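Beneath this line is the structure, given in structure tokens, with notes to follow.
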């Protein structure tokens, strides 16, 4: 009995002095739902076409490389337009000095509605050595990105180095909400609060790399330096789970959460809150210098 008591006492002391379980502070909580697994993988040549800079674009076994140098950048566009859906790709960014350079994946109807277009953006704003890329998400409605610039930017510094490996970035756009994902973790949800603040017209899917020196890096303080050219963006793992503009009423796009009817699950919400608390660096709704009469959703 004495031996047993000693053993129990020893076990109790071990448990009391053991380190308490910790949450991984470097990575977001598991969202427990992975919409990228549910969306259909697509062949680039079947769903996309070069939009500009064909001499700066190379496709190898469904992996696309586009690059920017002093002469040109490059971009691609989906063959079809979509009225809703889930759209994603794995992207690897260029390392080193990339100030002024934007690598992007986005939805837009700017060619169909010049001066009055809608747009949903994932943009990687280039940087200088030692500073992280900024991932900018943005939503434009009916020309607010053209003559009357009303952006709805939310910016992040990622919890990993996006130049070291491919990571998966996606946009979910359905009639009720827009959700931005990084590796299936929702980082931003933009709900439809009114018709005036939500894009509803069909859009195409785009990707590009281009020179935005006037504003991309620290408001234009650092510009593209072509001594470091070419600047390269790499894309693969293209996925589309969407309804084309002419699809029938029975079309159903990929769900962004296990709820199946919009919104996020508690696990997804927890992951998104973690990202926004730890890695969000700008939110237009919290900017006191913005005129929020133009952004009533705030």
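Note: Cβ is positioned from N, Cα and C throughout, glycine not excepted.
Straight from TrEMBL, the features:
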- 119: active site, nucleophile (ACT_SITE)
- 123: active site, proton donor (ACT_SITE)
- 23-235: domain 'GH16' (DOMAIN)
- 1-25: signal peptide (SIGNAL)
Over the domain 'GH16' (23-235) the mean pLDDT stands at 94
Quick note, the residue listed as 'active site, proton donor': same-chain residues at least 6 apart with CB under 8 Å of its CB -> 102, 103, 104, 106, 135, 136, 137, 138
